[in-house]
């Protein structure tokens with residue numbers, strides 16, 4: 001029975017690929033035939049509107065670092081209360097990630113973007129008007145929920161509207177805009193009050209709300225819902241008035257019918273032997289990505305620099321700029337260098353960055369070579385974030401999209417995303433407690449986890465560059 005099921009799955013996957021490739025080629029051809037500026041503008045405009053959600057995501061993530069001291073002082077928060085405030089964002093994101101798929105399927109991609117934006121707006125206003133810890137935490141929880149929905153819907157929407165020739169470049173703008181949102185929050189947070197910084201989070205939300213009135217819904221979602229007229233209209237807008245979309249429209253509908261025929265996976269199916277290694281790879285990469293300490297460093301980088309005696313404003317600005325630059329460069333080499341090399345180089349850099357930072361704090365605690373502490377801390381943290389942006393930041397998400405069979409991709413992807421957000425919450429919540437226990441010990445712990453990540457990548461993770469989905473599955477199941 002297991003062999004027969006595998007044969008059926010391969011047949012379904014082959015059918016899926018046979019449908020998918022003509023669809024993608026035809027999308028590319030249609031777009032090329034309709035070289036009008038109008039069609040290009042609509043695709044670019046739709047992408048720009050969607051990635052405003054990515055920027056809003058980054059604004060939420062970057063808020064807590066430059067505001068820690070001011071918020072604690074103004075509202076008389078204890079370290080424990082601020083740790084809850086910082087980490088509850090990721091708890092809200094976990095809820096958002098779980099519900100994002102059903103919401104996007106029920107009310108559409110644009111509808112899901114509106115829901116996420118509404119939560120972010122409510123959250124930022126609650127933070128702005130907060131006079132105590134309850135309103136502050138509720139606002140942070142709401143913005144976290146919006147983050148979780150954005151994390152799923154934005155890349156899905158872009159992938160569903162973009163032609164093949166532009167899909168890769170447009171999809172990378174999601175990660176770039178997240179980094180951009182974090183970086184802008186870090187930089188302007190050094191000159192604005194914490195309440196004013198909360199109001200700046202409303203800007204991308206406002207652009208997104210108004211922009212959604214100007215762009216079409218995802219044609220794929222409309223076709224899946226059986227809304228034929230709206231599907232044709234949306235596709236025509238995206239490909240241009242003069243484009244012949246008849247064949248592409250047929251391919252999209254056949255593709256959706258093929259997906260509908262695939263067996264519906266349940267959560268317990270993920271633990272079947274034939275799926276287990278894929279799940280271990282996808283979930284394992286998310287565990288190492290988060291527990292290597294990234295959200296502790298990202299959420300509290302300003303405090304790290306201040307504790308080491310380096311200018312928090314200058315350090316945060318340098319950190320923010322480096323993060324964007326390295327992330328942009330990474331998008332140009334991921335298909336050339338391969339996934340595993342980038343992960344290994346990235347994890348090695350993370351270890352070295354943690355060791356340098358740990359050394360700086362050890363010297364400070366023991367009052368040895370005090371003058372070298374600020375410089376060592378700066379080098380360690382910049383090496384850490386540069387290394388993370390070079391591989392461990394984006395590559396686990398790329399591999400996750402490649403290793404799961406199509407019939408379990410939704411359930412398995414939800415599990416991996418949930419684990420990722422749980423790790424983000426755990427690290428951001430425990431960071432301040434760990435630093436109170438031992439500043440240098442915290443970074444030694446993160447270094448050890450990143451060392452385990454290297455072992456995991458070498459022994460478990462396959463190289464997926466340049467392989468078809470069938471080849472990847474064969475390598476995983478070998």
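Glycine is no exception: its Cβ is also placed from the backbone N, Cα and C atoms.
What TrEMBL says about a protein is an automatic prediction, not a curated fact.
If you look up TrEMBL, you'll see 1-31 marked as region 'Disordered'.
Per TrEMBL, the feature compositional bias 'Basic and acidic residues' maps to 8-23.
For the transmembrane segment (43-64), same-chain residues at least 6 beyond its ends with a Cβ under 8 Å from one of its own Cβ atoms are 31, 85-86, 89, 113, 116-117, 120, 123, 143-144, 146-147, 150-151, 153-154, 157-158, 161-163, 166, 170, 173-186, 189, 197-198, 200-201, 204-205, 207-208, 211-212, 214-216, 238, 298-300, 320. Under the heading transmembrane segment, TrEMBL lists 43-64 (among others).
Mean pLDDT across the domain 'Major facilitator superfamily (MFS) profile' (46-465) comes to 88 in this model. Sequence annotations record features per position, and here TrEMBL assigns domain 'Major facilitator superfamily (MFS) profile' to 46-465.
If you look at the transmembrane segment (84-104), the same-chain residues 6 or more away from its ends with a CB under 8 A from one of its CBs are 60-61, 64, 68, 71, 77, 111-112, 115-116, 119, 133, 136-137, 140-153, 156, 221, 295, 299-300, 410, 414, 417-418, 421-422, 424-425, 428-429, 431-432. Feature annotation from TrEMBL assigns transmembrane segment to 84-104 (among others).
The annotation transmembrane segment is assigned in TrEMBL to 111-130 (among others).
The transmembrane segment annotation in TrEMBL covers 142-162 (among others).
Positions annotated as transmembrane segment by TrEMBL: 174-192 (among others).
What TrEMBL lists as transmembrane segment is 198-215 (among others).
TrEMBL lists 279-302 (among others) with the feature transmembrane segment. For the transmembrane segment (279-302), same-chain residues at least 6 beyond its ends with a Cβ under 8 Å from one of its own Cβ atoms are 61-62, 64-66, 68, 86-87, 90, 182, 186, 189-190, 270-271, 312-313, 315-316, 319, 343, 347, 350, 354, 381, 384-385, 388, 392-393, 395-396, 399-400, 403-404, 412-413, 415-417, 419-420, 422-424, 426-428, 430-432, 434, 442-443, 445-446, 449-450, 452-453, 456, 460-462, 476.
Within its own chain, the transmembrane segment (308-330) is flanked in space by residues 62, 65-66, 175-176, 179-180, 182-184, 186-187, 189-190, 301-302, 342, 360-361, 364, 370, 373-378, 381-382, 385-386, 389-391, 393-394, which lie at least six positions past its ends and keep a Cβ under 8 Å from the stretch. If you look up TrEMBL, you'll see 308-330 (among others) marked as transmembrane segment.
Here TrEMBL flags 342-363 (among others) as transmembrane segment.
Per TrEMBL, the feature transmembrane segment maps to 375-399 (among others). Beyond the transmembrane segment (375-399), the same-chain residues lying 6 or more positions past its ends with a Cβ under 8 Å from any Cβ of the stretch are 175, 179, 281-282, 285-286, 288-289, 292, 294, 297-298, 301, 304-305, 308-310, 315, 318-319, 322-323, 326-327, 329-331, 334, 339, 342-350, 352-361, 363, 443, 453, 461, 464.
Annotated transmembrane segment per TrEMBL: 411-431 (among others), in sequence order. Within its own chain, the transmembrane segment (411-431) is flanked in space by residues 83-84, 86-91, 93-94, 97-98, 101, 148, 151-152, 265-267, 269-270, 275, 278-279, 282-283, 286-287, 289-291, 293-296, 299-300, 400-401, 404, 442, which lie at least six positions past its ends and keep a Cβ under 8 Å from the stretch.
Positions annotated as transmembrane segment by TrEMBL: 443-461 (among others).
The stretches the transmembrane segment (198-215) and the transmembrane segment (174-192) meet in space: the count of Cβ pairs below 8 angstroms, excluding pairs fewer than 6 apart in sequence, reaches at least three.
Long-range contacts of the transmembrane segment (342-363) within the same chain, counting only residues at least 6 positions beyond its ends with a Cβ under 8 Å from a Cβ of the stretch, are 285, 288, 292-293, 304, 307-308, 330, 333-334, 369-370, 372-374, 376-377, 379-388, 390-393, 395-396, 439-444, 446-447, 450-451, 453-454, 457-458, 461. Remote same-chain residues near the transmembrane segment (111-130) are listed as 50, 53, 56, 60, 75, 96, 100, 103-104, 136, 138-147, 149-150, 153-154, 157, 195, 198-199, 201-202, 205, 208-209, 212 (criterion: CB distance under 8 Å, separation of at least six residues from the stretch ends).
The list of residues near the transmembrane segment (174-192) in space but at least 6 beyond its ends in sequence, with Cβ under 8 angstroms from a Cβ of it, reads 51-52, 54-63, 65-67, 154-155, 158, 200-201, 204, 298, 301-302, 312-313, 316-317, 319-321, 323-324, 327-328, 331, 389, 393-394.
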